[in-house]
């Protein structure tokens, strides 16, 4: 993919940084890259790409809001040395003041979640053409977007395939650089990348230089899912009070670490905090209201787990608003995230050039926390609902039953 500027009256691209992490095959990065007249190509290679663009959006310049948006198409970890963990679905965090429809309040800011890309939720901040661009990106990319005083940083993540030459070039109006790397060493503490860093002249778009580089940094996340035996299941039979079972029987306590499960629940479910006791619970957790009486998207909760055992979290379903679509069930889904978090002696949030900022449950931990991903599984439950076309019959039957009961009681009393 060659570098193309994103220009509009409502947003202007200022900088572009493309990072390519190639799969290792015994050859150096220099052997895999071709430079032809200032255009860098990477033929017959596979790997991962972080495509970062910094844009200026004038309509946001006077607003103090900080906004962090992420979008992930699947529930797998997909953690790489150039991509931190992005939770499944569509997540927004903001410190905006005032109320925002469907957002829930937490001590650190307002939060919104959906398992589909909700472009309508972005219209409060962004011009329509920018939202349309993000919607197109969401079809084939994972996204991580931050907004600070008019500057919007858009990070797109996708795979490099060996049938794509992946040309990289400069432009006349955008400051452009590219990094092409592969992993030298990687463990739970440090990551080392080596390769080439290329820059282009702003104004002419001509290649300035490509130079060899090597650097070390600390990652805030490590993927332990392939080494773990942590399963996420629904206890059978599944009913209106589904029980999520988190199997940590193969895990043992770790010094300075705790195991956790994080839930983004849609409003069709709630947690009884006196039954399943969460460490944190924000959002809609009223025990009686039906889903259509709630204003927020649902709730978020964090549970501390016990290693060496099967942990259970009991959910409760709400009454679903009747519809006339002919279906007796409504499909509701949620995706629990299981991980363990450890205290370290350094501020990890400032140690990686690829880290974009706190997402999801990270907001509730200190900057010196290291996260280890264990599992994230999408769960779907069919909830019963009434057919609204039968409302009159149901109301008449209910009224008749009430009248019969009253008459029966009167007869027994007198």
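Backbone N, Cα and C define each Cβ position, glycine as well.
Values in this document were obtained by computation on a predicted structure and should not be read as measured data.
Per Swiss-Prot, the features are as follows:
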- 44: N-linked glycosylation site (CARBOHYD)
- 95: N-linked glycosylation site (CARBOHYD)
- 169: N-linked glycosylation site (CARBOHYD)
- 375: N-linked glycosylation site (CARBOHYD)
- 1-390: topological domain 'Lumenal' (TOPO_DOM)
- 411-414: topological domain 'Cytoplasmic' (TOPO_DOM)
- 391-410: transmembrane segment (TRANSMEM)
Next item on the list: Give the three-state DSSP assignment (helix, strand or coil) for residue 169 (N-linked glycosylation site).
Entry: coil
Check: If you measure from the C-alpha of residue 375 (N-linked glycosylation site), which of the glycosylation sites 44, 95, 169 fall inside 10 Å?
Finding: none
Next item on the list: Would you mind checking how many other C-beta atoms are within 10 angstroms of the C-beta on residue 169 (N-linked glycosylation site)?
Entry: 19
Notebook entry, point to check: Between residue 169 (N-linked glycosylation site) and residue 95 (N-linked glycosylation site), how far is it from one CA atom to the other, in Å?
Noted result: 37
